[in-house]
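Asks: Look at Swiss-Prot and you will find 1-18 tagged as signal peptide, backed by sequence analysis. Residues or ranges marked as N-linked glycosylation site by Swiss-Prot: ASN24, ASN279, ASN332, ASN376, ASN471, ASN655, ASN676, ASN690, ASN701. As annotated by Swiss-Prot, active site applies to ASP413. Residues or ranges marked as active site, proton donor by Swiss-Prot: ASP505.
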Amino acid sequence: MYFSSFLALGALVQAAAATYFAPNSTGLRIQHGFETILIQPFGYDGFRVRAWPFRPPSGNEISFIYDPPIEGYEDTAHGMSYDTATTGTEPRTLRNGNIILRTTGWGGTTAGYRLSFYRVNDDGSETLLTNEYAPLKSLNPRYYYWPGPGAEFSAEFSFSATPDEQIYGTGTQQDHMINKKGSVIDMVNFNSYIPTPVFMSNKGYAFIWNMPAEGRMEFGTLRTRFTAASTTLVDYVIVAAQPGDYDTLQQRISALTGRAPAPPDFSLGYIQSKLRYENQTEVELLAQNFHDRNIPVSMIVIDYQSWAHQGDWALDPRLWPNVAQMSARVKNLTGAEMMASLWPSVADDSVNYAALQANGLLSATRDGPGTTDSWNGSYIRNYDSTNPSARKFLWSMLKKNYYDKGIKNFWIDQADGGALGEAYENNGQSTYIESIPFTLPNVNYAAGTQLSVGKLYPWAHQQAIEEGFRNATDTKEGSACDHVSLSRSGYIGSQRFCSMIWSGDTTSVWDTLAVQVASGLSAAATGWGWWTVDAGGFEVDSTVWWSGNIDTPEYRELYVRWLAWTTFLPFMRTHGSRTCYFQDAYTCANEPWSYGASNTPIIVSYIHLRYQLGAYLKSIFNQFHLTGRSIMRPLYMDFEKTDPKISQLVSSNSNYTTQQYMFGPRLLVSPVTLPNVTEWPVYLPQTGQNNTKPWTYWWTNETYAGGQVVKVPAPLQHIPVFHLGSREELLSGNVF
């Protein structure tokens, strides 16, 4: 069952290939003592497994996958269906396309029952992908325990692994890694940390832990383990493909979790933002400046505290007296759309607080309605995004106060769930506590507790905006987007929404820039194509004297490098909280002309280059929409089969794989992530092409052979970029 009827989508049945082995069952139900396991063929080359102890599920449990999938065999399982039941005393075999499930006992028929998953190779042989981890003298690989008196339980599910396995995806963490092998990842959202239990393995399978609960992912040497802190059902999916065929794995994942719609054209241009434009006059002067300087801009953003009170979900009329006039003037001067920030928090002095409280539309604490956080001296509670009525209330305010006045794009900041996810200032006290993550497990929602459904909150918040968009434009889910949202968090299948995810409030230093590259590649492997960053980083690092200061040459260099890199991201966006020696507005500047006379032409040249890449961008976004094919592409996606060095480089998380990537099928991007650089080393993979020198350096047109590290000129005005094939084809978008 879906969490909301909004997710209902008829299956788009894809004609199976002649060699496709249709499922030999609609499902197998195993009764194993107090435990029940339901295994169903799911989509192409996949199985869905659900397990529970004692009490059966209701069938209405929260799920992030389509049932039936967007693509799959026509007569496969759905809901809780099955055609075979067993007590677990007999071995069973199910097949779905190129994946096989076998059930086997160990240590005798009373010791347990293990599931094993195999891929059918092109030559007909079978390869073990993984099985339930059950060495001698160990806990059951499906381990349940009850930490409290209620019906919800905790679960730990363990699967076998090998030392040479490589793990890609898992959402985003600030860790310099694209291979997550060896990681322990807590599934708790906070600023710049979006753990999401979707991964691909170099062994030729992908895995989705289809659960809204907080928990943990562990990728050990011999064991992969997933835990759920509080649940009534364990639900996961495994899909198979041939080794190295990551496009097929992404197609399978997106067929289960959702395909991205096509973005509106304006979102692919340059997005201007800072903390913060304080009032209508500043925004109109900004638009006039872009117009007078003849610099293209596609969206201008109004950041937080533009409201009178938290939860008003309206611009403060004292600062923004005529919103419709402002948005029209911005449009007339620049052609740009507008976006405004909103937070999910509601202060008790908000005009909306009484109505939200009276109708049960706010999150609450376990022991009563109490407050869940504070901000700048006000007690606050988040609206309950898991409640459909709360989502409708939020959109009604946004439509009346923004959308109908010309601001039709929304920045859903602080959407991590639980609370704001940060304790900046505790009820107005003088002590400043910076970005301390906490889960607030005492928070309750309509859908459950923070422990049991906490990972749902940001996803449902994205859904609130999507539902509003679709109702306002009378369009169906999956159709092209007219507008966009921008979220600091997400979860399984967030790509189905017209919603960007950005990497959060990062610090303005070189190492943080480097970390963002790896973070974006993990986002891509998770299935999120709509990803971006704050160019220049968001906040000052207090240990680095020049960090974020637009008047220092040290920060200007970092900003130019960072901004150049965003040209080759799914979305090109600048934002940040800057410092300066000379301040002529409410906050320090962050516009293209703010970084010195010598740097302005460089910044503007990259903005123009972004628009020159428009046809290419539309082409790669269209493929992501149609098939789930990744936009940002870690090198293993394209070159693992043709270049034997790639696997070794990825295994060690070498900079040549964490700091460079393919942007679509033709561009190799290697951003400079160190200061004072005049040349930069780049690893050019072997492509398998007959062309002995397939790589062309963008700035010099010099060609290079693959399979080697080359050092190329990289002055401040040039980000290292190579292309395959002709530049003319690339710029025309004729690349597939």
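Positions of Cβ are set from backbone N, Cα and C atoms, glycine also.
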Asks: For ASN690 (N-linked glycosylation site), what is the secondary structure by DSSP, using just helix, strand and coil?
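Replies: The three-state answer is coil.
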Asks: Which of the three DSSP-derived classes (helix, strand, coil) applies to ASN701 (N-linked glycosylation site)?
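Replies: DSSP assigns ASN701 (N-linked glycosylation site) to coil.
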Asks: Using only C-alpha positions, which one of ASN279, ASN332, ASN376, ASN701 is spatially nearest ASN676 (N-linked glycosylation site)? These are the glycosylation sites in the record.
Replies: ASN701
Asks: Around the C-beta of ASN24 (N-linked glycosylation site), how many further C-beta atoms are within 10 angstroms, looking at every protein chain?
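Replies: Result for ASN24 (N-linked glycosylation site): 13 neighbouring Cβ atoms inside 10 Å.
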Asks: If you draw a 10 Å sphere around the Cβ of ASN701 (N-linked glycosylation site), how many other Cβ atoms fall inside it, taking every protein chain shown into account?
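Replies: Counting Cβ neighbours of ASN701 (N-linked glycosylation site) within 10 Å gives 9.
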Asks: Do me a favour and check the Cα-Cα span between ASN376 (N-linked glycosylation site) and ASN332 (N-linked glycosylation site); whole Å is fine.
Replies: 37
Asks: Mind telling me which of the glycosylation sites ASN471, ASN655, ASN690 has the densest Cβ neighbourhood, counting other Cβ atoms within 10 Å?
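Replies: The residue with the densest Cβ neighbourhood is ASN655.
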Asks: Work out the three-state DSSP category of ASN471 (N-linked glycosylation site).
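Replies: Helix, per DSSP.
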Asks: When you tally the Cβ atoms that lie within 10 Å of each candidate's Cβ, which of the glycosylation sites (ASN279, ASN332, ASN376, ASN676) has the highest tally?
Replies: ASN279
Asks: With ASN655 (N-linked glycosylation site) as the reference Cα, tell me which of the recorded positions ASN24, ASN332, ASP505 is the closest one.
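Replies: So, spelling it out, the nearest of the recorded positions is ASP505.
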Asks: Going along the chain, which residues six or more apart from the residue listed as 'active site' have their CB under 8 A from its CB?
Replies: TYR304, SER341, LEU342, TRP343, LEU486, SER487, ARG488
Asks: What whole-number Å value do you get for the CA-CA distance of ASN471 (N-linked glycosylation site) and ASN332 (N-linked glycosylation site)?
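Replies: Their Cα atoms are separated by 27 Å.
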